[in-house]
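Read the structure below first, then the notes.
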Amino acid sequence: GERRTYIVHVSKSHKPRVFSSHHHWYSSVVESLPRRRGEGPAKLLYSYDRAVRGFSAHLSGDQADALRRVPGVISLVPDERRVLHTTRTPQFLGLADSFGLWPNSDYADDVIVGVLDTGIWPERPSFSDEGLPPVPERWKGGCIEAADFPKSLCNRKIIGTKAYFLGYEATRGKTMEESNESNSPRDTEGHGTHTASTAAGSVVSNASLFGYAPGEARGMASRARIAVYKICWSFGCYDSDILAAFEQAVVDGVDVISLSVGSSGHAPPYYLDSIAIGAFAAVENGIVVSCSAGNSGPSSYSAVNIAPWILTVGASTLDREFPADVILGDGTTYGGVSLYAGESLGGQQYSLVYAADAGNRYCYSGRLSPALVAGKIVICDRGGNARVAKGNSVHLAGGVGVILANLADSGEELLADAHFIPATMVGQTAGDKIRSYARSDPNPTATIAFRGTVIGTSPPAPRVASFSSRGPNYRTAEILKPDVIAPGVNILAGWTGEVGPTDLDSDTRKVEFNIISGTSMSCPHVSGLAALLKKAHPDWTPAAIKSALVTTAYVVDDNGAPISDLATGGKSNSFVHGAGHVDPNRALDPGLVYDIQTSDYVAFLCTIGYDANRISVFTDAAYSTDCSAVGLGTPGNLNYPSFSAVFSGRGAVVKYKRTVKNVGLNADAVYEVEVKAPIGASVTVTPSKLTFSQNATELSFEVELSSVAGAVDLESSGSSLAAFGSIEWSDGGSHRVRSPVAVLWPLNAAA
């Protein structure tokens, strides 16, 4: 095939002993690459040692593929002319090298992010330590020695690796060897590599998945260090292992913990929630804990990781789409999305069949009739099995393509997948029309046209993903959750070398980067932003960092309209997006912060009725605490940066107190309040003006929320009716400190 020059990055420790030097090894590897008849040998251009570890060579496509499989070869980067460009997330978040949070935090230089996940694939270029100073002296952690992950693979980027599986082994009743799992920190699943590179990956040029989403990939905090705590294995992540990892992370001295894991059902009570318990210890030690809200949307009360000391993150879209249109035989076109990268259908129309009329509407494996499917494009309903498995099932039955069609629960949420066969996903509205065409037309046909990567403001962004878990807070409705949303749909980041981009056993493709979706993807974005804020403001508590992100979040999309919810197609609300979408550069300078100390969290636990024994699960301070003396009266009095009230009925009144600290440059700032009351409620803030000075850096105010309506025009939220508003403090200049306000009427109280 066509030849190109590649820069080949090599892990020097892989050099076989028979070679006297690295140069000798590289020459031998290049000479041994396969060549077709009449083709000259691959040519070694340079052998490097100082600039990079490795060499450059001129290779055919076949030779490049062969070289990628050589042990010790980390990556092949095509030699190309450089122009400035980047993969979308940093740009969409407004992050830039020239101003704002990145330069003001030196990209979180020396901040340590602990990632509790499925491990890491250390050879990825996202984990290069080029240009990083030595490991911070305060770091007490280290790397374990494992057969497939020697200590020598740690560097100045990956500064800690630990693996926790004793609880997993015990529950499974077999050792890791018996269940044929490696007990090393190496990521064989992909998830941990993706989250770690999102939070703190180094800058990588020419990143893409099969040419989709091309550009420069970099983590939010590209100079931060990564400490890996592997807690998740083939069959899950166990509490005993999670707690051991939290414990070690605190001892080791991480600054931020990123955890894209949570319970699958409703959030457990805090004292039974290992993540809440581990996070409490972390926060007590000044560590920010950022967690995913879960992928159980759009049902109400589905958010997990909802303890008030955790930063809880929902997921939304970027202004980047991967369009793949369905063109029906009658000429109508419906927009979908896909990351299919094989042979295209070339515009040819194929017979179309709805899977419900060919054996199984969800396209379960082995349930489709080959006689009805062979040579056709099949419409499969979303749900039941993995999206990519549907394509595999159609493929095995002889079908040529798949249209994945959403049902009501997913609405218009479109997730791009690296399908094996030509496939696209369409929303419910288009899906209904395509299904009806397939059943009503005597000779229905279709084709799928793949359009690549498109960036722009149509459709608008961000929009909240249907899968993103929702409030109200199942355990304490007075604490608004989720806290914020961040990019979590179709996100490009590093991937494992063990499995292909889909989770199917039959997927033998190997990729350096993968594009996937989930609140698992949005959480590490916020973990990385927290690391940047920690570096910019070393004296801020975890609560101050959360407050800065919450009170500067935005609630309009890039078309200037309110952020919408893909589950309903309508306007999103604070139980869906929390305070809104993170805005990192504004969070650098929030003006005021709502701060919270450990003793306030203990008072919160007292207030929700926990006794000393229950509180002792969280902190040593439990037995020295007199709950009757420190209670907050109502959990909503915790100094949280958002407001949520539950009304017992018409005429009910709820009073909350808050204290804000001036962290702006002007010590004598004067802030005035602007209230947008939720429908059916009145909101009074006293005083309505806060005058700060050198001597008065912290000032308090009271918020009185009264129910003035019955159930009129209110949004249903599970078993309650809800309405939404905001309280915003402004200094007349650049600072607008906005807190969302949510009010709930239980249905039996709304009458």
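Placement of Cβ uses the backbone N, Cα and C atoms for every residue, glycine included.
The following features are taken from TrEMBL:
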{"type": "DOMAIN", "residues": "5-85", "note": "domain 'Inhibitor I9'"}
{"type": "DOMAIN", "residues": "109-577", "note": "domain 'Peptidase S8/S53'"}
{"type": "ACT_SITE", "residues": "ASP117", "note": "active site, charge relay system"}
{"type": "REGION", "residues": "175-197", "note": "region 'Disordered'"}
{"type": "ACT_SITE", "residues": "HIS191", "note": "active site, charge relay system"}
{"type": "DOMAIN", "residues": "349-434", "note": "domain 'PA'"}
{"type": "ACT_SITE", "residues": "SER520", "note": "active site, charge relay system"}
{"type": "DOMAIN", "residues": "637-743", "note": "domain 'Subtilisin-like protease fibronectin type-III'"}
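The DSSP breakdown of the region 'Disordered' (175-197) into helical (H, G, I), extended (E, B) and coil residues amounts to 7 helix, 1 strand, 15 coil. For the domain 'Inhibitor I9' (5-85), the model's average pLDDT works out to 72.
You'll find the Cα of SER520 (active site, charge relay system) roughly 8 Å from the Cα of HIS191 (active site, charge relay system). Separating the Cα atoms of HIS191 (active site, charge relay system) and ASP117 (active site, charge relay system) is a whole-number distance of 7 Å. Non-local contacts of ASP117 (active site, charge relay system) by the CB criterion (under 8 A, 6+ apart in sequence, same chain) comprise ASP187, HIS191, GLY192, THR195, ALA196, VAL228, TYR229, LYS230, ILE231, CYS232, SER258, LEU259, SER260, VAL261. Across the domain 'PA' (349-434), DSSP classifies residues as 24 helix, 19 strand, 43 coil. Taken through DSSP, the domain 'Subtilisin-like protease fibronectin type-III' (637-743) splits into 1 helix, 62 strand, 44 coil.
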